[in-house]
Amino acid sequence: MTLDATTIAVFALAVALLGLSKGGLAGLGMMAMPMLLLVMPPAAAAGLMLPILITQDTLTVWIYRGKWDWWNLKILLPGALIGILVGFVSFAIMPERLLLFILGAVTFSFALRGLVFSKAPAKVAHPAVGVFLGAVSGFTSTILHQGGPPFQIYMLPQRLPRDVFIGTSVIFFAALNLMKLPGFIALGQLTSHNLTIALAAAPWALFMTWIGSKIVRRIAVERFYVIIHWLLALVGAKLLADALF
């Protein structure tokens, strides 16, 4: 992979979007992977993203320390592990466009429903639903690098305090990324070249994550949930577009 000026610029923008998303502006990271695919092969993009995400996780876990919901995590994480294992087993045989279409349709529909019924009372789904959506999140994170929508479909209706919602997301995806690490190593996607680039990008990745956390804390809770639903709708539309075109 050649690091020319265009590749570096696209990579820096993708890392910035990932950082803002990790900091709490969930949904902004949806363009990171498609952007990277414009300038590098999928395997190289995946190999670059994972160590950067893990680097950003270290900061967000500290920023939102103690502000997560263990009850939800105990439901979501076992399912996520199953989803990751299934994802790696079926990595080469799963029709990507079909997955993108299904995930996009469900995500877009859920986001629109959330916007229409934005004043609906908080609702906690049955734990079995959480295990299932945790598995879907682990699976789609492994196959498509899009684990956010299933997680948000489960978590958003609960209307948790803003920082608890973000903190739970932080821990969930930090655990997800660590669980994916052995599989990425086994598939040869984490090369010394990729790790060197990720290390060089670490200060920028951490800075943009910190910026994201500062921005999100200036947003009122009700407005935060409206913004997240709009971003989720954009994610769903983007997934549908990728599937159809």
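Start at 1 and count along the chain as shown; that gives each residue its number.
Each residue, glycine too, has its Cβ placed from N, Cα and C.
TrEMBL annotations: computationally assigned, not manually curated.
Straight from TrEMBL, the features:
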type	residues	note
TRANSMEM	6-28	transmembrane segment
TRANSMEM	35-55	transmembrane segment
TRANSMEM	75-93	transmembrane segment
TRANSMEM	98-118	transmembrane segment
TRANSMEM	164-187	transmembrane segment
TRANSMEM	193-212	transmembrane segment
TRANSMEM	224-241	transmembrane segment
Touch test for the transmembrane segment (224-241) and the transmembrane segment (75-93), at least 3 Cβ pairs under 8 Å: no
Paired segments the transmembrane segment (35-55) and the transmembrane segment (193-212) in contact, 3+ CB pairs under 8 A: yes
